[in-house]
Amino acid sequence: MGVPPVDWEAESYPAYSDFAAIPLFAVFLFAVRYLLDRFVFEWLARRLIFEKDEKLDLATHAGRIKIRKFKESAWKCIYFLSAELLALSVTYKESWFTSTKNFWVGPGDQVWPDQRIKFKLKLVYMYAAGFYTYSIFALQFWEIKRSDFGISMVHHVVSVILIALSYIFRFARVGSIVLAIHDASDVFLELGKISKYSGYQLLADVSFLIFVCSWAVLRLIYYPFWILWSTSYEVVPMLDKKKHKFDGPLHYYVFNCLLFSLLVLNIYWWVLMYRMLVEQILSKGHVGDDVRSGRFSPPFIPP
């Protein structure tokens, strides 16, 4: 007997048992990073960072740190790119990809919060939750300890909690788009760091410019004026207030508070980015180390 095919379009209500996939994805991502670190990133870092005729002294602290930073950014770039492609491949054919009203209605007579979730959309959520679960342990035992260690740890823990809550409370359609618009800009941030460590200043500058522009367009324009507008206004007439007298309003207010908090964070980090960008351009003509070296790493807390 062969393995039955996976029905990616199969719909079901979110269940707590679905979270069993999170540790599996966390272990999977750990294994993938370990293999890439050992057989790809290490070799790539030595080849790109150090000249062929330059003797690489791994005993020096600076050399080891630079390679570790390169490998961390390379891994994050790979993850965010894969997460972005996965989210887009799953959502771009859905009616709610182009019409935010369809976050809350359909298919058929389904109306939020009584909406089932396709198996492939569940995959997007479990993949993201698995990454942030893995990141909690990687931050503690694997990655370089930075000055923002505490903030990063809180960020990863809260990310897992918020992804889980939004899944159970059936905000998965909105959440998948929020994940996609945030992961997109992070790809260019990590690419800029890799380029900086490798000495490709022009590519680093271009990557950071795209990162800043995509941040502004996706997080400061599309996110508040389309996503938050929908979660604040479009959903209201769709909710059956008699059937969901308590849980409907509770979910509405709790998650809109969280989503607007995310907007505040996006604005805060944008102001920091803008100031640093202007300062670096005026002083050096290009973005320097302190913007992309790892001391600048804006957080993303998904809904």
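In case you wondered, yes, glycine gets a Cβ from its N, Cα and C as well.
The domain 'TLC' feature in Swiss-Prot is assigned to 68-282. Positions annotated as transmembrane segment by Swiss-Prot, on the basis of sequence analysis: 12-32, 77-97, 124-144, 149-169, 208-228, 253-273.
On the 0 to 100 pLDDT scale, the domain 'TLC' (68-282) averages 88 in this prediction. When Cβ-Cβ distances below 8 Å are used as the criterion, the transmembrane segment (12-32) is approached by residues 79, 116-117, 119, 122, 126-127, 129-131, 133-134, 137-138, 160, 164, 167-168, 170, 172 of the same chain, each at least six residues removed from its ends.
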